[in-house]
Each structure stands twice: as C-alpha cells, then as structure tokens.
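Have a look at the structure below, then the notes.
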Amino acid sequence: MRLHAFTLLSLLGLVPSFAAASLSGSVGPLTSASAKAAKKTCNVLDYGAKADKKTDLGPPLAAAFAACKSGGLVYIPAGDYAMSTWVKLANGKAWALQIDGVIYRTGTDGGNMIMIEHTSDFELYSSTSSGAMQGLGYEFHASNNWSGPRLLRLWDVSDFSVHDLILVDSPSFHFSIDTCSNGEVYNMAIRGGNHGGLDGVDVWSTNIWIHDLEVTNKDECVTVKSPAKNILVENIYCNLSGGCAMGSLGADTDISDITYKNIYTWNSNQMMMIKSNGGSGTVSNVVFENFIGHGNAYSLDIDSFWSSMSAVSGDGVTLNNITIKNWKGTEANGAQRGPIKIICPDKVPCYNILIEDFAMWTETGSKQWYSCQSAYGSGFCLKSGSHHTSYAVTTTTVSSAPSGYSAAKMASDLSTDFGSTKSIPIPTIPTSFYPGATPYSALMSKQSTKAAKARAVDMSVETPAAASRSEQVVQGAPQETGQSAPESAGPVPSGNPGPVPTGGSRPSRHRHGHHHFGSAI
C-alpha cells in the first residue's frame, strides 16, 4: 500500500490533519540554488550594472537573465542599485535570482518592476536576508497618485520559492502570485504606505504554501483571490495592516481547499474578511484556525454586500464548509463593529459554517454584538437546519466578556503607521511571526552565521595549508566542478554569490528544498 506523505505525517501527529486538505503536492524548486550556481553564475556587474544608485539595473539584469535562463544563478551583489526600466524575465527553466543588494525604483512607468513568467524550477531569495526592493511609493502618493508600478509579480511559474526578501513602499501592489503552482513563499517582510490599494501579497494559484511573513500597509495582508485551490497560509504577522482576506469575489468564483492558520493581526482593518457584492461561483472547504487579534476594526467579517466594490451581476457567491476555530483577543469597539459578522446572499445562503472556540472581547465599552444573515451552521448567530432559506439580519448583543479571550501580543507591534507621503525605512525580517510559533526555516543570514562559526572551528584545527585552501573556497566563486556555492556570514568579497538555500524545514522535506505534501511515497 502506498501512503501519502502528508497523511503519514498527520497520523504521526507531526502536522495537523486539516492541512492535508490544503496542499495537494510538493512545493518549492526542483533543484537547489547551489546546483544552479555551479552550472553557471551570471553576475549583473559583469553585464554593466553598477552599485552607484544611478545606473539603470534593468538592462544588465535582463542580459544576465538571458545568459542564465536555461539553468544558472543570476546574482545581484550587495550594494545600492537604481532601476528605471522594468524587466520581464520569461521562459526560464532551472534558474535562480539572488538579490543581496537593494533595488531602488527610479523609473515612473506602470506595470511590474520585476516580472517572472512562464518559468519552472525557480528560486528568488537573498542570501543575507537583507536584499530588498525599495519602491519609494511616497513619491507617487504625495501627489495622490496610486497607480504607479507594482514591485514583484510571478505569472505562470511552477515549482518555485521566494524567500528572505524585503519589499518596501510599492507605488501599487507589492507581490502578486498569478496562476502559479507548487510554490513556497516564506521569511519575508513587506512594508507599505498607510493607504488602500497597496496590497501585501495577493495569490490566485494552485498548491501554494505561504508562511512566516510580516506585512505592514493598509490594504491586503495575505489575500486569496479567484481562482485558487490548495493554499496554505500560516504564521502571518499583519502588523498594522489591512488584514487577511478572500476577494474581492465576482463572477464565476472558484476557491477551494484553503487554510489560514496561526494568523496574528494588530491594529488592522480586520482579522479575516470574505468580500463580495453579487457575483457567482463558490468558496468551499476553508479553515481559519488559530487567529489572535488586538485593536482591529473588524474580526471575522463575511460580507456578501460589501459596499466598497461595485455590484456584480449574479445571485451571489456560495460559501460552504467554512470552519472558524480558536480565535482569541480583542477588537477595537465591539458595539460599533462586533467580532462576528456573517452576511450571506439571500438567494444562495451560506451553509456548513462552523464557529467553535471563539472568544473575543471589546477594548472600548462593555458590549459587543454578533450578526448573521442567511447563514447556516453551528455557533453564535448561525441558524441550524438543512433547509437553507434566506432570513433577515439577526443580531445578538452581549455585555459580558467570554472566558478565555485573553491572548498574547507581539513585542514588535507598531504604535504608529508610516503614512504615505514620506520615505519608509527598510525593515529587517523578523524571526517571529506568531506568538509561540517557531518559523519553519531559519533566515538565510542566521544559517550563514552558523556556517561561518562552524568553519572557524574547523579551520582552527587545520594545517596552515588546509586553512589557506578553505579561505580560497570561501572567497571564490562556485567551482566549475559542480561544487556548491560557499556559505558565508554575509556578502562575499569580489562580488561573488553568498550562501545558497536548501529550502525550509517542514517535515517531509523533498529533494533540494522541494517540500513534499500529499504525493505518494
């Protein structure tokens, strides 16, 4: 009998069984970045790039990609780079992009600064965990212009990972994952302006694992759009953000098998929202588990008549088999915006909605409410029964706090936002994203430091000749013999690539960091 890897791990108690409904197979690149670098390394400095914050990085990056697109590593060393023309890096296979420098937007065109498309076996990362794209969006926003370029977009990319990267102050969206498959996104910090339309991560794809991210903005934190299937989102820190969501949903919505787990939301618009206004299609098999919130306007907000979007033709999007489990914390004002709002279409009521172990309380006043409309299931204001007919809004008001609502806070909760008219500083990637949860993978910078210390111990007992050879390897480029790129404690001298990743550390790791979920073993 063949067993599925994820099923076996669930039986062993290593991962929660509900997650098996989220990921359908392996995620991540098929070959390691070290193998790619050993095949060929294309340093943008060799193609005309200069770390002078003036010379346009666009053409050198495109040229380096052209040389390595069939297998290799494109390397942007540490330093400050200007980018005034955007790049579309298409039809690559078995390649990686290592960004150890900071890319500053200097152009004003729309579109996407970096677009990766029609690509397989791909990895985008910073070996120092400090590589960044600085969009300088405030230069647009100060004049009320919200239609500038997006920072990063992946389209039709399979078997990939993006990690240890920082995205800052996009003029528009920060990171879009469009019609991709088998991907892993982790260990990132995204910091945007305090305004709508500056989304953190938007994903409409299949079999994607997004984990260990911090997002600061005032729109989407990590949001699933349609169509999407088999998405697992966990260990997310929405730190003064818009909050996580699904939508906006319109005609022919097709979303299923989605799990959000370990989501911490601070001083944001909502902890989780499903938003639509008319439309058609379905959202099914969804789990929202282990949510902690403090100071948010809304907590659970399912709104099928969301007034911030124009009405779409159709009876509404059908929601079914939605589980909301283990929510704790406080909302800003429960009398104004209660912690449970489930407003479903009258013509296609929601059904099989389960709310359990839900304890939230107001930070202002001594009352809060729960509100439901045309919604069926179990818990709070939901109606029971198998005959799903429409019903008007029902609201229950309570004046005593539920037991067990107290929840931990994060030490890095921001006290103020970054506005939208001044330069936003580049943050560091945190090492904690949810209270008590350890990230699945250490930052590349931490792995580098550990490796450097190990080398120091090794060299202390080597002969002088051996130590000399070790030093040459550390400072040299990947060898033509297929040797992996060396690990280091930071940027490697002479513009050579630093350490290359081997993927995260979730149980059942497949070859070359390609995480294995659900496939037969």
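Cβ atoms are placed via backbone N, Cα and C, with glycine included.
What Swiss-Prot lists as active site, proton donor is Asp219, and the listing cites similarity to another entry. If you look up Swiss-Prot, you'll see His294 marked as active site, on the strength of similarity to another entry. The feature compositional bias 'Polar residues' is assigned by Swiss-Prot to 469-486. Taken from Swiss-Prot, the feature compositional bias 'Basic residues' applies to 507-521. Among the features that Swiss-Prot reports, disulfide bond is placed at Cys42-Cys68, Cys221-Cys238, Cys344-Cys350, Cys372-Cys381. Per Swiss-Prot, the feature N-linked glycosylation site maps to Asn145, Asn239, Asn321; the stated evidence is sequence analysis. The region 'Disordered' annotation in Swiss-Prot covers 462-521. If you look up Swiss-Prot, you'll see 1-21 marked as signal peptide, on the strength of sequence analysis.
By a simple count of nearby Cβ atoms, those within 10 Å, the most crowded of the glycosylation sites Asn145, Asn239, Asn321 is Asn239.
Look at Cys68 (disulfide bond): DSSP puts it in a helix. Of the listed disulfide-bonded residues, namely Cys68, Cys221, Cys238, Cys350, the sparsest Cβ surroundings within 10 Å are found at Cys68.
If you check the recorded positions Asn145, Cys221, Cys344 against Asn239 (N-linked glycosylation site), the ones with a Cα inside 10 Å of its Cα are Cys221. Using a 10 Å Cβ-Cβ cutoff, Cys381 (disulfide bond) registers 19 neighbours. All chains included, 28 other C-beta atoms sit within 10 angstroms of the C-beta of Cys344 (disulfide bond). Comparing CA positions across the recorded positions Cys42, Cys68, Asp219, Cys238, His294, the one lying closest to Cys344 (disulfide bond) turns out to be Asp219. The Cβ of Asp219 (active site, proton donor) lies under 8 Å from the Cβ of Gly192, His195, Gly196, Gly197, Leu198, Asp199, Gly200, Ser241, Gly242, each of these being in the same chain and 6 or more residues away along the sequence.
Other Cβ atoms within 10 Å of the Cβ of Cys372 (disulfide bond) number 27 in total over all chains.
A distance of 10 Å separates the Cα atom of Cys372 (disulfide bond) from that of Cys350 (disulfide bond). Here the C-alpha separation of Asn321 (N-linked glycosylation site) and Cys350 (disulfide bond) works out to 9 Å.
The Cα atom of Cys350 (disulfide bond) lies nearest to that of Cys381, taking the disulfide-bonded residues Cys221, Cys238, Cys381 as the candidates.
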